[in-house]
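Q: Copied straight from TrEMBL:
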type	residues	note
DOMAIN	167-348	domain 'Malic enzyme N-terminal'
ACT_SITE	Tyr190	active site, proton donor
BINDING	Arg243, Asn498, Asn542	(S)-malate binding site
ACT_SITE	Lys261	active site, proton acceptor
BINDING	Glu333, Asp334, Asp357	divalent metal cation binding site
DOMAIN	358-611	domain 'Malic enzyme NAD-binding'
Amino acid sequence: MFSLNGTNFPSDSLSGVSRCLIQSRKKVYFPMVVASVSPNGRPADRNVSVLMENTLKEMKENSPVIEKDSKSTVTGGVGDVYGEDSATEVQTITPWNFSVASGYSLLRNPHYNKGLAFSEKERDSHYLRGLLPPVVFNHELQVKKLLNNLRQYDVPLQRYVAMMDLQERNERLFYKLLMENVEELLPVVYTPTVGEACQKYGSIFRRPQGLFISLKEKGKILEVLKNWPEKKIQVIVVTDGERILGLGDLGCQGMGIPVGKLSLYTALGGIRPSSCLPVTIDVGTNNEKLLKDEFYIGLRQRRARGQEYAELLDEFMSAVKQTYGEKVLIQFEDFANHNAFDLLAKYGTSHLVFNDDIQGTASVILAGIMAALNLVGGNLAQHKFLFLGAGEAGTGIAELIALEMSKQTGAPLEETRKKTWMVDSKGLIVRSRMESLQHFKRPWAHDHEPVKELVNAVKLIKPTVLIGSSGTGKMFTKEVVQAMATFNKKPVIFALSNPTSQSECTAEEAYTWSEGRAIFASGSPFAPVEYKGKVFVSGQGNNAYIFPGLGLGLIISGAIRVHDDMLLAASEALAAEVSQENLEKGLIYPPFANIRKISAHIAAKVAAKAYELGLATRLPQPENLVTYAESCMYSPSYRCYR
């Protein structure tokens, strides 16, 4: 038997073996053996065993001895995370590690397919003659063509489906297209379009892009993980679909979120696609519409709770560590409040876990606030914060603000929390409500008379910063925004709920109702707004600013746990990337066009903090973490298959 890309073929089914040399960034040549399988399963006329013997002999004679770079001081930890795309270390490999099939099967392999970009020599070497039109396109022309095609679609979901189709047939072209047009295509592959994609996931489902682990797999999860073709996983994004964006319980159809997040881990943070694993835990859904939908792809039962749910999650977490090791990053995504906080607390001390809704949102919004201080003046402790929404996002942001304030002033955390007030569905959270409050809301219950309406809370508390994370649209009314503008020269307003339809207010409303004085940011993107002859460009408090760089920093340091100080370091790094030119336009976040460099700087700060805290295992620490982070980032450039 001959193993090729994880598939076993009888040794007599190989019709030919060809060879090409891949040049790494350090001028070390790696042999690539490429095998093709005859269509009828029979041996071809060539003597395969002789060809293989001769090929290996050539490799031995022509290829240099592959040794570790003597200049590298980085050892241990995760090793060469990104394979041939890592410039930090060169490791010995066998010729079969990067083997790919030839011919028709090569064109159906998204990891290696180049479409019309296969050169004339490659078409000869890999039996592609006749399977492609005669023209040869370069990578850049392919990107230009696809971008032109995407722009022909008027419906965002059509663009989403087109991008997913591209990812499934030509992975490197997908990432090159996304990376070079990130500001235009980020809303297509993620918020706000991904929300609609999740709602209609059953109808648009084509082929699996991740693992679906349901209650049917209970007791078998370790075996299920082995069904995934990639074995060296560094990042897992997992959801149970109960609270997808501001859309509620979408059950199994929440898979669009892990798939989208991991696309951004690669495009924005440079994490290699093969090391990413999207997972959906399906324990049922309480969405009656989905349960009655004939096209729904998940379990047709109401959500499991209590011990049954806990046992499934515990089995999953144990299986992940057993399969992928101690340093695999597990990102919890879109779990409901009653599970999200408990899961983070339960596994935060035993696994490398991170909740993007609680911690990622907090980090990116704290960065925006810190940048906004350059426009409104004062330090963090001199400002007062009012939140609409006291769930995962709201309390997560509030806690990180309090931590940063405590770090800056030296005041106890209990004191800095008093700078933040919260309004939930029952009104202002005050001490008289303490007995009825969920545990994660209790730190924000302060002494004050009960207040039911948001506008009254604004008038009484007089916050300098108003943050919406309620998941309910149109809550920042004209009266609310005008009230903020009466006692703030430059009111800071964050309308963070996604998708766009759930935003607490639009950019146009914020600027118009505040007479052009608001400093505004949102969760979903808004077009520039013209008011009284001035153009205002609002910022987007998108988690994509933080989690890709955070993940890269954790990986390059070999971190074993996520610490709050790492989140603060990420916030400070992002805020530092906002230029004076950005601020003059009203932007409190840097342009996404520079996101790869931004992610590298965030990764460096996070990794440095991991080393400082003693949580890093990739020792010793590289001399220049920014350069090291950049060198580790995945590149979507085509490799030469000669």
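Yeah, the Cβs are placed from backbone N, Cα and C, and that goes for glycine too.
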Q: Comparing the recorded positions Arg243, Lys261, which residue's C-beta has the most other C-beta atoms within 10 angstroms in this structure?
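A: Per the Cβ count within 10 Å, the most buried is Lys261.
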Q: Along the domain 'Malic enzyme N-terminal' (167-348), what average pLDDT does this model show?
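A: Its mean pLDDT is 95.
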Q: If you measure every Cα to Cα pair among Arg243, Asn498, Asn542, the residues listed for (S)-malate, what is the largest value in Å?
A: 18
Q: Select the closest residue to Tyr190 (active site, proton donor) from the following recorded positions, measuring between CA atoms: Arg243, Lys261, Glu333, Asn498, Asn542.
A: Lys261
Q: Of the binding-site residues Arg243, Glu333, Asp334, Asn498, which one has its Cα closest to the Cα of the residue listed as 'active site, proton acceptor'?
A: Glu333
Q: Between C-alpha atoms, which of these binding-site residues comes nearest to Glu333 (divalent metal cation binding site): Arg243, Asn498, Asn542?
A: Arg243
Q: How big is the Cα-to-Cα gap, in Å, between Asp357 (divalent metal cation binding site) and Asn542 ((S)-malate binding site)?
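A: Asp357 (divalent metal cation binding site) to Asn542 ((S)-malate binding site), Cα-Cα distance: 11 Å.
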Q: To the nearest whole angstrom, state the Cα distance for the pair Asp334 (divalent metal cation binding site) and Asn542 ((S)-malate binding site).
A: 15
Q: Using a 10 Å cut-off, grab the number of neighbouring Cβ atoms around the Cβ of Asp334 (divalent metal cation binding site), all chains included.
A: 26
Q: Which residues does Asn498 ((S)-malate binding site) neighbour through Cβ under 8 Å, counting only same-chain ones at least six apart?
A: Thr191, Pro192, Gly195, Leu245, Gly246, Gly523, Ser524
